[in-house]
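Now, the feature entries from TrEMBL:
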DOMAIN    170-351  domain 'ABC transmembrane type-1'
TRANSMEM  46-68  transmembrane segment
TRANSMEM  88-109  transmembrane segment
TRANSMEM  121-137  transmembrane segment
TRANSMEM  176-197  transmembrane segment
TRANSMEM  204-225  transmembrane segment
TRANSMEM  231-250  transmembrane segment
TRANSMEM  288-307  transmembrane segment
TRANSMEM  328-350  transmembrane segment
Amino acid sequence: MSSLITDLTVPPAVRADRLARANASGANTRGGEAGSRRVFVLPYPLTVVFTIGGFLIAELVSVFFPQIAPVTFTEGELWIFLLTGQEAYRGLLVILAIAYALAGIVDLRSAQKRAYYRSRAPFRFAMGIALALWDIAGTKLQTLPQPFFPGPAKVLEAFVTDGGYIVLNTLYSTRLFIAGFIVGVVLGVVTGVLIGWFDKAYYWVFPVLKITGVIPSVAWMPFALTLMPTPFAAAVFLLVIASWFPVAFLTAQGIKSTPKMLVEAARTLGASTPYILFHVAIPNATPSIFTGIGMANSLSFLTLVISEMMGQPGGLGYYIDQAKAWSSYYKILAAIVVMAILFSLIMKIIEVVRGRVLRWQKGLVR
């Protein structure tokens, strides 16, 4: 009790100083304990060797592991080269090993890049080992059910024999996605701003948003194919719906969450309503807008593939549907690989734009 009374009678500044000293002393003690434990760090040159080691192992497995199961590869033309899927797979492994080795050499000059390279080394090594195991199970021994799960060399055969056709369908999907996604995002931002800022718009539009938002966009496909003049326009309509709802909903939530203190401060300084909307409310809602764009990207990509499989004259979904009809499952996996790469590129572009627009947010969230 006496210590409690003493603490209460000590001035706040003195108590804060004592608490800071106690915390610093504890941190130093913990730091000394941690420093006494030695952590082994692989030298950077060995880290580079470790990174490419997985791909080198996969290369050795592809070349020297005995081919037990009977597998035939078709020769095709890839750019100016005439090669089989097996040769393309081995060449890809060599290219990946060289690329990561060169990246390690380039990153040698920067401590930050070296640290990032070290952090990614285990994952990249695991990628190579996974490819080696996949090659053994899907090509060498064929312990995986065939022809549903072919090996990586057979998947690359699709790019060798159907490379040009895959590129054309990829361009079709990209054009369709960009048209529907951009229109849907723009309409979503406009709708969200109106709902979040104007009470009458919230009263009339928000119930419609809640009702239509929970309906999957592909459910509108029969109406879209009937009302739209072309299948391409119908698919764009579905993509617009898929991307419109999450962007509109999260934009409205971001506008609604604008602190009243900021709005009142701006009004006190003589700011007009349009100025407050564009310089206070919308900047406050920008993180929510980008969250909605990320969600819209996933939903739009899903809608894209489904719409292409059900009525489009081209696209990766159309390519998958054709390959399924001929039981060419290795072509289906090749299209899935292209989809994964395309989706990752789109997500990377969104992240870069978000980082530029929200550069003021760095440091606020770790």
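Quick reminder: no glycine exception, Cβ is built from N, Cα and C everywhere.
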Leading stretch by Cβ pairs under 8 Å, where the reference is the transmembrane segment (88-109) and the options are 46-68, 121-137, 176-197, 288-307: 46-68
Intrachain residues whose Cβ lies under 8 Å of the transmembrane segment (328-350), provided they are six or more past its termini: 147-150, 154-159, 162, 166, 169-170, 173-174, 177, 290, 293-294, 297, 301, 305, 316, 319-320
Feature contact check the transmembrane segment (176-197) with the transmembrane segment (288-307), CB under 8 Å, 3 or more pairs: yes
Contacting positions for the transmembrane segment (176-197) when only residues 6+ beyond its ends and CB under 8 Å are counted: 205-206, 209, 232, 235-256, 277, 281-282, 285, 289, 292-293, 296-297, 300-301, 304, 308, 312, 315, 346
